[in-house]
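Note sheet for the following structure.
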Amino acid sequence: MYPQGRHPAPHQPGQPGFKFTVAESCDRIKDEFQFLQAQYHSLKVEYDKLANEKTEMQRHYVMYYEMSYGLNIEMHKQTEIAKRLNTILAQIMPFLSQEHQQQVAQAVERAKQVTMTELNAIIGQQQLQAQHLSHATHGPPVQLPPHPSGLQPPGIPPVTGSSSGLLALGALGSQAHLAVKDEKNHHELDHRERESSTNNSVSPSESLRASEKHRGSADYSMEAKKRKAEEKDSLSRYDSDGDKSDDLVVDVSNEDPATPRVSPAHSPPENGLDKARGLKKDAPTSPASVASSSSTPSSKTKDLGHNDKSSTPGLKSNTPTPRNDAPTPGTSTTPGLRSMPGKPPGMDPIASALRTPISLTSSYAAPFAMMSHHEMNGSLTSPSAYAGLHNIPSQMSAAAAAAAAAYGRSPMVGFDPHPPMRATGLPSSLASIPGGKPAYSFHVSADGQMQPVPFPHDALAGPGIPRHARQINTLSHGEVVCAVTISNPTRHVYTGGKGCVKIWDISQPGSKSPISQLDCLNRDNYIRSCKLLPDGRTLIVGGEASTLTIWDLASPTPRIKAELTSSAPACYALAISPDAKVCFSCCSDGNIAVWDLHNQTLVRQFQGHTDGASCIDISHDGTKLWTGGLDNTVRSWDLREGRQLQQHDFTSQIFSLGYCPTGEWLAVGMESSNVEVLHHTKPDKYQLHLHESCVLSLKFAYCGKWFVSTGKDNLLNAWRTPYGASIFQSKESSSVLSCDISADDKYIVTGSGDKKATVYEVIY
């Protein structure tokens, strides 16, 4: 390591001819120190040079990673577009005359024959257009600093080769580089000036600091994108235990505030690339982990330092909720649109590509030109939204555009309750394109074909359709609110928590304390459902106990009128017949108990669910009952004949359901985060995708024109019946476990995991 000519070591004392002096020894030590210092300095300079090269290599690697990722998405996107266009052509061709059919078929075949020469010419033309566009809008592009190893920077890839792959990469790379923001140009200039000054500097540490400062401003952000993409890929490969609610314990602590929907850079309702972030952090030791009233079962109540206080057995389903990897009865899938339980469909890279519009400039716009913008349900109805990554607005890179575009709100949503949460990163041209947002409502035909729903022009307008809802009161219950119900006429709200139901008078604005408290069940057992009889004088309460409690509210002080005891250790949901003579209770053993309220006796049980029955609703005429269970089934029962009519099988546990008061439609909330709207006789259905986690409760408005659903993702969503246009959306601070709508459709009440109920006024 050291040259042979280094200073010799001093002779040992006693050798002949040596005279020891302190000054000479000091001089030798000084020379040795200077030599070592010079060696150290040269090594330091070499180290700094290598560190700078490493930084540059990492930066280039991230750039190429972005480009390859974007190309992969683009390839899948264009493949899917081609499939869909072929399907459309195949459907339209039979309507043509025989002569025209032959001409069209020949034209289609010719269109499929794309030679390498044509491909190279097209890519070269796109490069020229992008360069002219960049010169016109931003002036001359700022070139990258010279690469230390002599490699060509990605902004100027070679275009002389005949390989179409290299040409495609070059086209994308050059345009991605030319489209960099002015702010980044400033960073590049600043970095180059700093490099030129520091390369001549004596102190290499200054150079290192300068390069690290530049890296912090530009490269770390790209590495963050890369990490996000890798995180997304890993999340799509397996199901997180945090989102698998087989034991049906819902985290009721305040959820991670860093969920994408809270971020001010994103709009609430869309499913996008990084949607799963922040949804995996559940607190299983929350002392109040419980699910929703009348809609969501809970097999356990987890308490710190305690065993399960409820006599409810663990109801973990023997049938694990499978991933929706293949088409199964009840959950239809389309290539590239596979949905994972507990995760949005956008988590699949292919699905995210299909759901992420980039630009409107495309030759595929014609087949859908007849649709007006408010008829579209996001991007999938408009193939014109799928232009190549080379058409990305200049402010955005491929990955950034994909992530940002995935969060824009659909144009048919008439009211945005969170204006600060809109996707501020989107340029106005992209944020306002018609139909350029991800689809969230799909029609699933009898043969499993999934298509985005074209909304009618009156989807969000007309009599009986609300514009939005505003929060007017908060009822601090003090425990997790698993059950809520509203009196008719609208005056009192009943909130069920741990061991008691509290009654609130909402006719008095600003009322902060309950007017009464009904202690029932055991103190440590949660109320799961409470239902008022139509006369408003009787309240029936069920929960994590084998007993249903009937309260007389007409007496001066509410009192227990009777108790109904079943063999099941818990009741998850209740329903009352329209004539108020019969009560139906969903039992944790899967049975549906039928109670005669006048004689206070059990008159029959509907048996069919192989796991706990979680949710229930009754038809408006009182002839049909609908139940959902942890066995992944929804069943309908004929109340006159006392037998099962239908059974719908799904790939996810059923947590909530509601039957439309005007008939025909049944809405079902899933553990997999989907809402499905079924027709009572037809095999086709609608599938809605705005929730990010389990759908815990669901309720139809009494007019039947809309319904609301709430979830573990803290969201309250209002939907149009039956096709699911999003009317409004509200985000709470914790899981929303229960909900109810007043008989006049003017108020909504929700119960949540942060120990309160929220009263909303519906604005028309």
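Using N, Cα and C of the backbone, Cβ positions are placed for all residues, glycine too.
Scan Swiss-Prot for phosphoserine across S263, S382 and the hit is S263. When Swiss-Prot is compared with the stretches 53-56, 225-228, 329-332, 621-624, the one noted as motif 'Nuclear localization signal' is 225-228. In Swiss-Prot, the feature phosphoserine is attached to one residue out of S245, S619, S734, namely S245. Per Swiss-Prot, the annotated phosphoserine among residues S217, S292, S507, S735 corresponds to S217. Between the repeat 'WD 1' (476-514) and the stretches 522-561, 566-605, 649-688, 731-763, Cβ pairs under 8 Å are most numerous for 731-763. Taken residue by residue, the region 'Q domain' (1-131) breaks down under DSSP into 105 helix, 0 strand, 26 coil. For the repeat 'WD 2' (522-561), the DSSP counts in helix, strand and coil order read 0 helix, 22 strand, 18 coil. When the repeat 'WD 1' (476-514) is classified with DSSP, helix, strand and coil residues number 0 helix, 16 strand, 23 coil.
Each residue of the repeat 'WD 5' (649-688) gets a DSSP state, and the totals for helix, strand and coil are 0 helix, 22 strand, 18 coil.
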